[in-house]
Amino acid sequence: MKRTRTSKAWMREHINDTYVQLARKEGWRSRAAFKLMEMDDKDKLLKHGEVVVDLGATPGGWSQVAVKRVGDGGLVFALDLLEMEPIHGVHFIQGDFREDEVLQQLEEQLGERRVGLVMSDMAPNMSGVPLVDQARIMHLAELGLEFSRVHLKPEGAFLVKVFQGTDYETFLKQMRETFKTVAVRKPDASRDRSPELYLLGRTLR
C-alpha cells in the first residue's frame, strides 16, 4: 500500500522523536513508558507489592515499567487481543478482557488478591476521522472503567487514556461518580499536538 503524505510525515516525526530514541537506548518497548514513569513519579501508583492489570498492553512499555516498580512482591497482568513478546515477571493473557474465558484466566491467577491498579493506554486503530476516532477511544475507556468497577479493591486506582472532545465531559462525570478523587494528567512525553489526556481515579465510592 502506498503511504500517504500524512503517514510519511508521522513516520519522520516518530523516527526523530526524542522519547522514541531514548526508549530504544534504554530498552523500553515504546515511548509510552516515559508517560507512565512520569505519572507514577507524581502520583505514586506503582507501589511495591501492588497487583496491577495492564489493559491493551501490547507492545508492553507500560508492563515493563510496572513490573520493575512493583518489585518481586507484586504481580503484573497484561491483557491484549494482540500477541506480546514475553516480559520477565509479567503474566500475559491474550484475548478480549470482556470475555468470560479471559476473565476466568485472570481470576484464577489472581486467587484471593485484589487489583490495586488498573491501567489502560488502549487506543483504537485510527481512521483519520476525528469524530470516529474520538468515539472509539472513549468506548475503550468506558470498557476499562467497567472492568475497574468489578476488579479493583476499594482503595484502588484506575489510570486511563482519553481524547479531549465529544463525550469527554460525559466520561469525566462517570469517573467522578465512580471514584472519590479524579485527576487529569498530560505527561511531557505526550506529543503537544495530541488530544490525549490521562484520567486518574482513586478510591472507589
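Don't overthink the numbers, they just go from 1 along the chain as shown.
Using N, Cα and C of the backbone, Cβ positions are placed for all residues, glycine too.
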Gly60, Trp62, Asp80, Asp96 bind S-adenosyl-L-methionine in Swiss-Prot, but which of Asp40, Asp41, Asp121 does that record place at the same site? Asp121
Using other CB atoms within 10 angstroms as the count, which residue among the recorded positions Gly60, Asp96, Asp121, Lys161 scores least? Asp96
Same-chain residues at least 6 apart in sequence whose Cβ lies under 8 Å from Trp62 (S-adenosyl-L-methionine binding site): Ala32, Ala33, Leu36, Asp54, Met119, Asp121
Other CB atoms, at most 10 A from the CB of Asp80 (S-adenosyl-L-methionine binding site): 21
Just to verify a number: CA distance, Asp96 (S-adenosyl-L-methionine binding site) to Lys161 (active site, proton acceptor), in angstrom, no decimals. 18
